[in-house]
Amino acid sequence: MNFNKEKYPTLALAETPESLRLLPKESLPELCSELRSYLLDAVSQSSGHFASGLGVIELTLALHYVYKTPFDHLIWDVGHQAYPHKILTGRRDQIDRIRQKNGLHPFPSREESDYDVLSVGHSSTSISAGLGLAVAAEREGLGRKIICVIGDGAITAGMAFEAMNHAGELHSDMLVILNDNDMSISENVGGLNNRFAQLLSGSFYTRLREKGKKAFSAAPPIKALLKRTEEHLKGMVVPSTLFEELGFNYIGPIDGHHIYTLVHMLENMRHLKGPQLLHVVTKKGKGYTPAEKDPIAWHAVPRFDPLSGTLPKTVDSIPTYSNIFGDWLCDTAATDPRLMAITPAMREGSGMVRFSREYPKQYFDVAIAEQHAVTFAAGLAIGGYKPVVAIYSTFLQRAYDQLIHDVAIQNLPVLFAIDRAGLVGADGQTHQGAFDLSFMRCIPNMVIMAPSDENECRQMLHTGYLHPGPAAVRYPRGQGTGVALQPLFPLTIGKSEIKIQGEKIALLCFGTLLSVAREVAIHLNATLVDMRFIKPLDTELILAMASNHSLLVTIEENVIKGGAGSAVNECLMSHKKTVMLLNIGLPDQFIPQGEQNEMRAAYGLDSRGIQKQIQAYCESEM
């Protein structure tokens, strides 16, 4: 993206944090305006996360202005909001390539920049990593500061509270900034609170507080009285002292869009000892009216016209797999009041908006709490209900112990609707659904299904819902194939379906790559099988294919190691069946960002790539 210095004269002077810190404070408001405008121009041309970044323009500038980054360590939780950070840290001219193949990472990435201290993408990891860095900084003894920025959603997760509890115990020097962009904790924002927060962060109050602790440490009753007095004073104008109980010195809330207040506050807090928490209230989408009015719709956007203020409307007649799932939920709930649908803060992405409105008493958004979501489902199942957990493949990783300990061991009837399985596209390595088959396949009692199209997805959801034990249906991001939807009926568990009868080569396909594999089968005169079930496998069919064909090829959008192909390998070995076998899937590496079909082609999972791998394998065996 060509940077227009005439349009952004102040931003041109702030190419790095070092150059930013040379600017006078009086230039910061104009810099905020230019940075916000530049972000709008860049994302509207390239697509990407948008509303979150608009909401932290002032905070990002203030942090890099006050702290000596990258020597001082700045950590962004999740990273949706880090576009302004990337622009200010030497990546301004590359921002139009963010989330694209060979472009900037969609989130902070250690391999991309020294300013990205922690590679992120999942939520609620910042405080734990920050505390580890704080302990390391103490032992280093160079005066390095640690700052973590976490949102009001991410801070509700158990991991964040575990980290804060430990930080309070260790009493290490670190600053946690709570970016409250939903007004979910407090609405007490204004001049009085800004002034009071400045007083609480100032040197006079801090010295008085610390000296008082030392003076009355030998007199517990007086110390307790003073603590209650301090908490009462704070309680008159700030939220509850939950963070104080965890061992943090709480300051705020303050206006996160007043650059001078932020700079002054951070300058005050830079030298405070022990764990500090600064509560900053921001508005997601700040400065762009459409995004302010609907921050959810403008959270992640395609290319759009910033002047029109509208997002391009999709006119696709083929539904997404997420929508297929959401419609199935509604259809099933209409006949079964025992259905309980659970999501860990992914209502829109999982296609559950309609269900949440039509069946609010059967809908549970448990927030960013994947572990709780799974065990909550276990409790519902024990109580006689039929829980359905809608969860992204990458986020199910966070609840692996609960999947085993609380669901599978007890053989409870919990259905997992696993969205974003396989390659997800622009969100890159932290969000690829590459491992679920591998980590679920080894769990006893699990039934695991992978549909080849949207109709089969519905039938598998229905089958899993009726199954008396744990079941999982994994399906990809994006549209189906356009097939007609049939009335619901249960599939025979563990049975596959031959789609094309060929000779010599048998393609055993697990999931939606079946449509691609069909082209290969026709070209090679190969047998094509829709395997449907990863667990239990259709052992009878696999052995028959091994007897009637000279080469078996497994195809899956999961890592090869431990995946569906590995299951076929194990099956053949256990039955002492010798046949040439080629496993096609994702390699043993983390897959970067890029469009889904673009990345499938890059990793040999399009028709051309699959055929090329088969031909190369056959030639090597000749």
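Glycine is treated like the rest: Cβ placed from N, Cα and C.
Feature annotations, courtesy of Swiss-Prot:
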BINDING   His80, Gly121, His122, Ser123, Gly153, Ala154, Asn181, Tyr288, Glu370  thiamine diphosphate binding site
BINDING   Asp152, Asn181  Mg(2+) binding site
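Structural mapping of features recorded in Swiss-Prot.
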residue	record	contacts (Cβ under 8 Å, 6+ apart)
His80	thiamine diphosphate binding site	His49, Ser52, Gly53, Phe107, His299, Ala300
His122	thiamine diphosphate binding site	Val78, Thr394, Phe395, Arg398, Thr430
Asn181	thiamine diphosphate binding site	Ser52, Gly55, Gly151, Asp152, Gly256, Val281, Thr282, Lys283, Lys284, Pro295
Glu370	thiamine diphosphate binding site	Pro344, Ile391, Phe395, Leu396, Arg398, Ala399, Gln402
Which three-state DSSP class does Glu370 (thiamine diphosphate binding site) fall into? helix
Just counting, how many other CB atoms are there within 10 A of the CB of Gly153 (thiamine diphosphate binding site)? 19
Here the 10 Å Cβ neighbour count for Asp152 (Mg(2+) binding site) comes out at 18
